[in-house]
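As written in TrEMBL, here are the features:
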| type | residues | note |
| --- | --- | --- |
| ACT_SITE | ASP132 | active site |
| ACT_SITE | ASP351 | active site |
| DOMAIN | 114-469 | domain 'Peptidase A1' |
| TRANSMEM | 31-51 | transmembrane segment |
| TRANSMEM | 504-524 | transmembrane segment |
Amino acid sequence: MATTSSSESANPTGYRKMQQCLKSRRRLRALADWGVLLALVAMMQLLPVAYCPLPAEAHVFALERGLQLNRLVDLDDVRAQDRARHTRFTQEVTRGAVDFSLNGSADPFKGGLYFAKVKIGSPPREYRVQIDTGSDVLWVTCSSCTNCPRTTELGVELSFYDTTSSSTAKTVTCYDSLCISELPTSAAVCLEQSNSCGYSFKYGDGSGTSGYYVTDNLYFDMILDRPDSVANSSAQIIFGCSTYQSGDLTMTDKAVDGIFGFGPGRISVISQLSSKGIVPKVFSHCLKGDSAGGGFLVIGEILEPDIVYSPLIPSQPHYNLNMESIAINGQALPIDPAVFATSTSRGTIVDSGTTLAYLVEEAFDPFVSAITAAASPVVIPVSVKGTQCYIASTSTMENFPLVSLNFAGGASMLLKLEEYLIYVGSMDGAPLWCVGFEKTQQGVSILGDLVLKDKIVVYDLAQQRIGWAYRDCSTLLNMSKTYGWDKLISAGRMSASNSIRFKLFKLLGTSFIALLLQVLSFLFT
């Protein structure tokens, strides 16, 4: 019996159109071999729809950002935020009632500075939640929460979830199969007084949150498989309703409405939507690195050219890749690959909630030394508070080398200078740039926003791999509900305005136009 893919069964029309689009691409390559490349170049200007859109299963969230790496920042503050966050990489989720300490000094979620707007409940209400690939659970603050921030310095109004205000809300009980079998046992506990399925998370810096699980409608904007069509879609999902927060989770400087966990666990939203057959088990993010910040996040498959993939290391609580080497200007550094090997205390983690990037000591020292050697003597190296920095004018910036992080499967991540250096101000009137990578002695290398920005990063959990490619992350931020994919792709991929079309047709003779019509007939029949 022939098998049917999940994408085809969920939306056969969209699947067929996607296959037709891919078939057209193959025909384009074949036509190029027949010597009509000039016709194809002209046609690419005339037909922006020749680019394949997102499949119909794609759900899109716009991202906003609370901290800009390309502005003046205090590296000490950013390091403190990241260090506090990393304490939970090695913490167990505790069961039962937890006495949370209030003497932490850094918010474990503060490093997760990208947040999205989601709508939950009936009628739907909007919540701003931090995007976090380092945790699994989606939780929002309950209206009954104690010790929770009521205001935020991000300049937005906080929202609080109330089960009594949503007609589709349902509390998950202790005896619900979701609590007994489908939720990870370490993340669920029976709250006997209310007969609800609860949770308690405690982190290494003393911060924590507790609450109970509910089911309710989560809404997204779904991109359909026909032009000029974006529809609302919803699904019943399980998430946490936070009734208590402690430590630095109570601080107001970067408080939001909750956390959107995109980890690989069964309770994560991506796992839930995939198990329901709504989307493939794939999501992607594109984080803008400029001063405006923002970006977008897509749940479902995307069709993006030039993505390179590296296999995920299985059975890990985070997104671990096998980094094999680091090269500076194409020259591999003398680093033992064993320092990157994954074990209970080692490995390389991809984490969008970390702001900077972190290398194990055995790799960090030769990495910084090689950058300094490549840039000197034109660029002046200086040490600032123990951090390697460089005095570099605009004319000498080109002396900084190209960095390559090389992973299993032949995938390389090329880093421009803005992806391993951070502009921190000036010294003696000249621009001062500092290395954005930090040394860690914990054995775990972490790739944060510093290297993930300005790329589409694909977490393909169905095929157990992560991929990336450089991309303009502003494209989807300009999308409205009335935009079709023809307009969207025109904005991000090419300038195919009516005036350009008119000029091209004036230049083309009638015989050449006839050839183009034959090409079009071949492609779309």
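Note: Cβ is positioned from N, Cα and C throughout, glycine not excepted.
The two recorded residues ASP132 (active site) and ASP351 (active site) have their Cα atoms spaced 7 Å from each other. Neighbour density around each Cβ, counted as other Cβ atoms within 10 Å, peaks among the active-site residues ASP132, ASP351 at ASP351.
Per-residue pLDDT, averaged over the domain 'Peptidase A1' (114-469), rounds to 88.
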